[in-house]
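Engineer: Just lifted these from Swiss-Prot, have a look:
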- GLU197, ASP211, ASP252: Ca(2+) binding site (BINDING)
- 298-310: compositional bias 'Polar residues' (COMPBIAS)
- 28-142: domain 'CUB 1' (DOMAIN)
- 277-427: domain 'F5/8 type C 1' (DOMAIN)
- ASN152: N-linked glycosylation site (CARBOHYD)
- ASN157: N-linked glycosylation site (CARBOHYD)
- ASN629: N-linked glycosylation site (CARBOHYD)
- ASN839: N-linked glycosylation site (CARBOHYD)
- 890-931: topological domain 'Cytoplasmic' (TOPO_DOM)
Amino acid sequence: MDMFPLTWVFLALYFSRHQVRGQPDPPCGGRLNSKDAGYITSPGYPQDYPSHQNCEWIVYAPEPNQKIVLNFNPHFEIEKHDCKYDFIEIRDGDSESADLLGKHCGNIAPPTIISSGSMLYIKFTSDYARQGAGFSLRYEIFKTGSEDCSKNFTSPNGTIESPGFPEKYPHNLDCTFTILAKPKMEIILQFLIFDLEHDPLQVGEGDCKYDWLDIWDGIPHVGPLIGKYCGTKTPSELRSSTGILSLTFHTDMAVAKDGFSARYYLVHQEPLENFQCNVPLGMESGRIANEQISASSTYSDGRWTPQQSRLHGDDNGWTPNLDSNKEYLQVDLRFLTMLTAIATQGAISRETQNGYYVKSYKLEVSTNGEDWMVYRHGKNHKVFQANNDATEVVLNKLHAPLLTRFVRIRPQTWHSGIALRLELFGCRVTDAPCSNMLGMLSGLIADSQISASSTQEYLWSPSAARLVSSRSGWFPRIPQAQPGEEWLQVDLGTPKTVKGVIIQGARGGDSITAVEARAFVRKFKVSYSLNGKDWEYIQDPRTQQPKLFEGNMHYDTPDIRRFDPIPAQYVRVYPERWSPAGIGMRLEVLGCDWTDSKPTVETLGPTVKSEETTTPYPTEEEATECGENCSFEDDKDLQLPSGFNCNFDFLEEPCGWMYDHAKWLRTTWASSSSPNDRTFPDDRNFLRLQSDSQREGQYARLISPPVHLPRSPVCMEFQYQATGGRGVALQVVREASQESKLLWVIREDQGGEWKHGRIILPSYDMEYQIVFEGVIGKGRSGEIAIDDIRISTDVPLENCMEPISAFAGENFKVDIPEIHEREGYEDEIDDEYEVDWSNSSSATSGSGAPSTDKEKSWLYTLDPILITIIAMSSLGVLLGATCAGLLLYCTCSYSGLSSRSCTTLENYNFELYDGLKHKVKMNHQKCCSEA
């Protein structure tokens, strides 16, 4: 009885199965024209798809230049298991051999897919096992909107709006708006309304997935990206001086919003002839917007945010979540900017009235926000001394301007906790006369206008040599070529007045080994031409030879190198020395239209001076790349401070030397009554210290920028005059922290002629300064003059001691007349080089000149222990010399040596000076008596 119903069940299943098999499956696959939008679904969608499916579709566009876009329904369900059994596959073409765009399964719908050509191949496969709901997608022609919404703007002002504004913008837009400004014009962009699709999962600024607006400093995808914006937060005002500002607007297939409306203005920009690169960049004034300020973390109560870190802000400051030297405060300046000083301030809590401040910090800079350089002091990171209380403003001035976009402050030590407010000081590159960027960064110079002697691979071709905007750069075919053999050339399109270049290192490598190289050029030469055939080098006015420019010390940090205006359409840069990783370069050319240039004397360097002066050096990994193979040539590449070489010709030229203008008088050669043996133009100047017998005497110092030579000495040359007898003295001293050393001194009348002085600047682990001290005694009449101080690269060190009488021996007594009137000297030096901070209440710390304690004679710095050591050493040398003389006498007397057997070393008298032997030829005499 029980078997009968069971038999009927099996029979029913059998016949039903045969009935299903007898019905043919609905067809799937085929060729589809995307002229009219349509849908593709898995068989049976949204019900479970059948087993053993193998469907193929080819979707094509009616025109060969059209693309196809696919958008999937969120209800997506295909068996998982790593897409081995059931899957949908999309290929960029018309066959199974085309490039794979995606292979998908699971229950997460694929993102939007866009073809690169006019066809897409779609395949759906299922096996015999578990099934799901399948998929549904919409195909259509991809419309960029370029024909409807892309536009160039050249009028003095105008409005830029999203398509259809104030109605909701369309889907699938990819619009480009470009504002083009004439030379000497600044572009100001202000947003009035901004409403784009918001990403609820957005993590930080610029993290936009659906609809967004990109703003570019130049041509899109060529110039640097200023920012990516979405949601409802209105972008702050933008000011661009590169001549091109672009906006690209992207929308997807989903949500549409009201869009945006913005106005732009073109404002005439006339650079000042005698500008100072020390203006506040906008932290205190608000010109730097809140969106440009960020931090590694923020205190949890939300009352100490990065946006509260503005100098003199009355609402707390920035505090990280944890007090650690790994925390940082970051400012995005949006454009390349010259940074010359940083002012910091602590904060007092409004809730507890407790004071917090940073006592020291490190500085990091970057041009792209990813590759960072720590500001260094020699080989070590520079630690800036900051505040001593919560309200004082401390200003730290950089020795040389840093060209950067992103700035990070990393607190190192603090009181009670980290609290920081700050202001940044500097200027724009284009603030200097005839200093427009001529198109490498912005893209105004096309790829076809950039060429090179050779190229390593297409990834590092000349077109990749654009300043900042390229992440790689130009690499020649041979990374370690001969000096001057490789070159990078820029065609400016029309003749321009060229006044400088900005040079930057590069990132690249060997595609076979996949090892990234961080390369830069240490020294280079520049040539120019009007026709591309006849070339001339930029000349060094002192030697009338091709000028050897200092290059980079880090692969990411750019450096500006200026020269006298030249007419040129073609500019070439020849690498002469480079980093151990080889030659790598990015470039920009500075200048203006040929008719705009005027003969001016200017420099981009700031007039600020401080003890916070450091020359950037390579990072630790770069410094150790060559290991033990580092040669003496690499040591010579250490860059001296800007402004060390100085001829005092122009009042507008702020050489790095500090001096008392009331005592050192700048005098022209034509007006000088002093005799000289050379003829110079009327505008040549020199420094003169003068006194007559009726005066109380004169004492003046001329102080160099800080110098750091940890590995090799260099030769310093200068010209001098000293007249007036024994009451006149001129000496050169090396001054370091807690130490002074006399290097050179003359104290007798040198006659009326100009003479050459040469001194070896010794290698030294610490930073030091070179000080010229001129003294004219009380009741004495005389004159001291100095001119043309420079570092010589063509004088061998063994010839760098002139005159030889100026080099003191160990027991040399310096007869310097005593001077009592030094009051106010330090303040007078500071006034000449101080920044005008009259508009703020900043209290600067430090001084631009050494303290008066260091002005004392170097003899006073010797303590009794050191004197004892010197005395004992001298006694040992004397005993050794006596023994050596007795031994030589015995050898010559009893071995029958003739005078010809004596070594030739006895024909010379060697004198050690800072580790180098100076050789003076003596009269030939017999060393031994003849029997």
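Note that Cβ sites are derived from N, Cα and C of the backbone, with glycine treated the same way.
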Engineer: Around the Ca(2+) site formed by GLU197, ASP211, ASP252, list the extra residues of the same chain whose Cβ is within 8 Å of the site's Cβ centroid.
Structural biologist: LEU196, LYS209, TYR210, TRP212, CYS230, HIS250, THR251, ALA254, VAL255, ALA256, LYS257
Engineer: Just to confirm my parser: what is the rounded mean pLDDT across the domain 'CUB 1' (28-142)?
Structural biologist: 90
Engineer: Going along the chain, which residues six or more apart from GLU197 (Ca(2+) binding site) have their CB under 8 A from its CB?
Structural biologist: TYR210, ASP211, CYS230, GLY231, THR251, ASP252, ALA254, VAL255, ALA256, LYS257
Engineer: Count the Cβ atoms, other than its own, that fall within 10 Å of the Cβ of ASP252 (Ca(2+) binding site), considering every protein chain shown.
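Structural biologist: There are 18 such Cβ atoms around ASP252 (Ca(2+) binding site).
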Engineer: Taking only same-chain residues 6+ apart in sequence, whose CB is under 8 Å from that of ASN157 (N-linked glycosylation site), what do you get?
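Structural biologist: Same-chain residues close to ASN157 (N-linked glycosylation site) (Cβ under 8 Å, separated by 6 or more) are ARG263, TYR264, TYR265, LEU266.
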Engineer: Check the DSSP secondary structure of ASN157 (N-linked glycosylation site), expressed as helix, strand or coil.
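Structural biologist: It is in a strand.
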Engineer: Among all protein chains shown, how many Cβ atoms are found within 10 Å of the Cβ of ASP211 (Ca(2+) binding site), not counting that one?
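Structural biologist: 25, counting other Cβ atoms within 10 Å of ASP211 (Ca(2+) binding site).
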Engineer: Count the Cβ atoms, other than its own, that fall within 10 Å of the Cβ of ASN152 (N-linked glycosylation site), considering every protein chain shown.
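Structural biologist: Taking all protein chains shown, ASN152 (N-linked glycosylation site) has 10 Cβ neighbours within 10 Å.
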Engineer: Across the domain 'CUB 1' (28-142), what are the DSSP residue counts per state (helix, strand, coil)?
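Structural biologist: Computed counts for the domain 'CUB 1' (28-142) are 3 helix, 51 strand, 61 coil.
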